[in-house]
Amino acid sequence: MQIAFTSTVEAGDVLVLPFPKDAVDTGRIEGEGAAALAKAAVDAARFKGEAGSIVELFATIGGAARRVLLLGVGEGKEADWRKAGGAVTARLLTNASSVSVDLNGLPTKPAADAVASFAGAAVQRGWRHDVYRTKLPETSKPMLTRIAIVGAGDEAEAAYARIHAVNGGLELTRTLVSEPPNKLYPESFVERVLNDVEGLGLEVTVLDEAQMRDLGMGALLGVSQGSVREGRLLVLKWNGGAADAETLALVGKGVTFDTGGISIKPAAGMEDMKWDMGGAGAVAGAMKAIAARKAKANVVGVMGLVENMPDGNAQRPGDVVTSMSGQTIEVINTDAEGRLVLCDALTWVQKTHSPSTIVDLATLTGAMIISLGSEHGGLFANDDTLAESLLAAGTATGEKLWRFPLADAYDKLIDSQIADMKNVGPRGAGSITAAQFLKRYINEGVAWAHLDIAGMVWSDKPGVNHDKGATGYGVRLLDQFVADRFEA
Ligand code: BES
Ligand code: MN
Ligand code: ZN
């Protein structure tokens with residue numbers, strides 16, 4: 001979908017006219033009797049200009065029948081405009097080809113960032129993964145190719161350039177999350193990401209199983225050993241900051257399919273576990289976004305990629321593995337595999353890149369979905385300033401977070417009889433004990449946050465920025481966090 005910033009409304013376009021909440025003045029619609037028709041439509045629909053609400057009508061404008069959408073933009077905040085942008089695409093994706101959104105005539109000119117977010121959301125809402133659908137009816141195929149924003153000004157156009165870069169990252173994340181697990185496994189994840197980010201100037205490192213074995217990554221490899229697919233560690237480094245500036249590490253759980261292993265999951269809904277790589281997917285997309293917009297920051301993205309399968313060679317409940325940190329782990333439940341993958345990725349990135357700050361993202365626990373549903377991601381942090389910046393980035397982007405506690409009393413729950421720790425605690429506080437497990441791999445002095453995004457990467461219903469399916473959660477959040485905290 002193309003976004004254009006223009007100064008005149010195209011004659012053949014669907015005309016979109018934004019209205020603020022409780023200020024729906026149809027008098028501004030030009031054309032023979034058009035204002036009266038619009039007034040009748042507004043009254044019939046009880047349209048009040050609520051953000052994202054739409055009234056559709058036809059009116060004679062300039063001697064021709066014209067399709068007109070009256071679009072509510074609420075209080076005119078950035079989030080309202082974002083909602084409105086998504087709503088336009090949701091309405092027109094499969095039944096209009098070109099749209100002009102006329103900002104002239106609004107009582108107050110929207111902020112540049114609000115217009116950019118409007119356009120960004122309109123594009124994001126139109127993304128679909130139809131590659132495996134060979135029989136999609138003609139009328140269900142997307143046809144919206146162009147949205148012209150009329151009268152926005154240069155500043156809005158400049159603000160959109162950044163959002164356009166972020167959208168590229170979002171598309172990568174969503175594609176990775178949507179792809180089926182027979183197509184997307186550790187090696188093909190690497191291949192797809194590397195193809196997609198080629199030319200952006202990211203430094204690439206890929207570790208195969210032999211290399212990870214030499215490094216002593218026994219926890220990650222223990223998960224991978226039940227699969228015929230080889231595991232990988234994918235590392236993308238963006239050196240956009242000063243050579244002596246601090247480094248941020250983003251670490252993602254990339255379990256390309258999670259059967260649970262020998263502690264196998266029930267059949268119902270197991271297909272969802274194709275998106276158990278959503279943390280790594282978000283890291284890949286965020287790295288693409290910050291490279292595409294040439295962020296002035298040093299960021300390393302690490303993706304721990306494995307498939308968790310039951311097999312004659314799979315790890316058993318009761319096995320003890322040695323992680324790269326040297327700490328030993330009693331594997332009580334092979335379905336608590338994400339933390340086993342992450343702990344070695346965390347150790348590796350601290351040894352090789354000495355980051356000042358680490359943010360990890362993982363679809364780590366079902367318990368997180370019980371706690372927060374799909375409205376907030378769970379945030380755990382050993383540093384209040386870091387937690388505050390992430391919460392703020394979440395609010396600004398609408399990819400919200402909610403903070404959970406860490407405490408020694410929870411940490412004790414994962415002590416083991418036979419090893420340094422076990423990989424699961426008791427039933428209660430399952431998301432917190434998982435975070436405590438990761439915390440045991442964070443070095444003194446490193447600011448660390450863990451985002452449990454189990455409820456966020458996939459959605460059964462359409463949202464503001466996405467259709468049903470992969471949400472791309474995390475990309476806009478991380479991009480905003482990098483901008484606020486490492487580029488300001
Ligand atoms: N990938 C799952 C967590 C998950 C479940 C994410 C449902 C999204 C939807 C994770 O590997 C897992 O299986 N966790 C277990 C941990 C338990 C064995 C302590 C869980 O949540 O049941
Ligand atoms: Mn699992
Ligand atoms: Zn998992």
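Using the three backbone atoms N, Cα and C, a Cβ is placed for every residue, glycine included.
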Please identify which of Asp214, Asp276, Asp311, Asp360 is recorded by TrEMBL as part of the Mn(2+) 2 site containing Lys253, Asp258, Glu337.
Asp276
Which of Asp258, Asp276, Asp335, the listed binding-site residues, has fewest other Cβ atoms within 10 Å:
Asp335
Could you check the recorded positions Lys253, Lys265, Arg339 and say which one's CB has the fewest neighbouring CB atoms inside 10 Å?
Lys265
For the domain 'Cytosol aminopeptidase' (333-340), find every same-chain residue at least 6 residues outside the stretch whose CB is under 8 Å from a CB in it, and list them.
219-220, 222-223, 226, 253, 255, 258, 260-265, 276, 279, 306, 308, 310, 314-317, 321, 323, 362-364, 423-424, 434, 437-438
Residues that sit under 8 angstroms from Glu337 (Mn(2+) 2 binding site) by C-beta distance, when 6+ apart in the chain:
Val223, Val255, Asp258, Gly261, Val306, Asn308
Roughly how many Å separate the Cα of Lys265 (active site) from that of Lys253 (Mn(2+) 2 binding site), to the nearest whole number?
18
Whole-number answer please: how many Å between the C-alpha atoms of Asp276 (Mn(2+) 2 binding site) and Asp335 (Mn(2+) 1 binding site)?
12
Cα distance (Å, whole number) from Lys253 (Mn(2+) 2 binding site) to Arg339 (active site):
8
Run through the domain 'Cytosol aminopeptidase' (333-340) and tell me, per DSSP, how many residues are helix, strand and coil.
3 helix, 0 strand, 5 coil
